[in-house]
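Below: one structure, written as structure tokens.
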């Protein structure tokens, strides 16, 4: 079983590397291109649209983690089909609710909020992408995540090419940035369900629905924590420092988050293998995984700090909105944030599907709130990008604690004592 498990991981990681490179290029090039092409007001409207769209994404992300877990743990074809149908049903119900909320907010605020239509379109395209997520979840849980990786890689390349070749305004940017991923997700779903579609499961009792929501809550809290770390911190910076600082800070953390986001392509194939290793009580494989993560964290830290030491600051200013100021200390803080956020993203799903999910969710949320308070204090005291410094240090420390927590607590709680 271990050999099959490792082959599935290698297949997904091999295609995930290419997809990661394309996604990183999209993240590192798209925002500077957009920020330099739009006016400050239009760029901030686009950033608010990203904030709104990501608020819906966090819900679908939580459903994805629990969906992969339930499908991978199914021990018969009929049970797997039922788990897929249950996940698809939940995605459909959540999509309808979020779409109604988005329509209501648009009708309520369209006359008083600048760029309200941009926010609405971005939200609806993100909801459409989430609605189609069941095909992606199915492929990952059944060890065929490499198919989704290939399509996502092509989507990133197409979106970046359109941004480079198309005359840019806020409408075209919104259509490209949010529309292409939705089309890619449609392709993933069509490819996954060429066979008969799974039955939709109706939650006929409040008890069934409450059970599903209860299982979702820890993953949802984890997603909320990530949302507050990226978008909540940007809103705090904007409220304290103003529009330009909001645009600069948002560009930095969004580039970091988007560059880190493809790490999910690595963790998604590992997650069903991790669940299988739990069932098989494969302690040796679990220990190797924890050592691999610890070694990766150490090596990545050294490389990131070296890059921050020698990176040309003039180049940094060229990719930020006009009028930005950025120093070497800020670059070190950004490096710590990138490494910390990357390894938090890599490790958190293991906790979310474990017996420690509720404890982890609370600790994660508390650490992010503490970072927001510390960053707001530093910013209000006049420290430029104080929020970046606070979250960079705290996120890195959090990643280190998770790294030690996996072998000491997580696997010990997941496996029966001998």
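Positions of Cβ are set from backbone N, Cα and C atoms, glycine also.
Note that the structure is a prediction, hence the values are computed from the model and not measured.
Record features, source TrEMBL:
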type     : residues : note
TRANSMEM : 9-34     : transmembrane segment
TRANSMEM : 46-68    : transmembrane segment
TRANSMEM : 88-109   : transmembrane segment
TRANSMEM : 115-134  : transmembrane segment
TRANSMEM : 146-165  : transmembrane segment
TRANSMEM : 171-193  : transmembrane segment
TRANSMEM : 289-311  : transmembrane segment
TRANSMEM : 331-353  : transmembrane segment
TRANSMEM : 365-383  : transmembrane segment
TRANSMEM : 389-411  : transmembrane segment
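Panel annotation: around the transmembrane segment (289-311), residues 270, 274, 328, 331-332, 334-336, 338-339, 342-343, 346-347, 396, 399-400, 403-404, 406-407, 411 of the same chain, lying at least six beyond its termini, place a Cβ under 8 Å from a Cβ of the stretch.
Non-local neighbours of the transmembrane segment (331-353) in the same chain are 65-66, 69, 218-219, 222, 226, 229, 252-253, 256-257, 259-261, 263-264, 266-267, 271, 274-275, 293, 296-297, 300-301, 304-305, 307-308, 311, 313, 316, 360-361, 364, 385, 388-389, 391-399, 402-403, 405-406, 410; each lies 6+ residues outside the stretch with a CB under 8 Å from one of its CB atoms. Same-chain neighbours of the transmembrane segment (365-383): 221, 224-226, 228-229, 232-233, 236-237, 240-241, 389-391, 394-395, 398, counting only residues six or more beyond its ends whose CB sits under 8 Å from a CB of the stretch. Sequence-distant neighbours of the transmembrane segment (46-68) (same chain, 6+ residues past either end, Cβ-Cβ under 8 Å): 34, 38, 83, 87, 90-91, 94, 98, 102, 115, 118-119, 121-123, 125-127, 129-130, 133-134, 136-137, 140-141, 170, 173-174, 177-178, 215-216, 219-220, 222-224, 226-227, 230-231, 234-235, 246-247, 250, 254, 268, 271-272, 349, 352-353.
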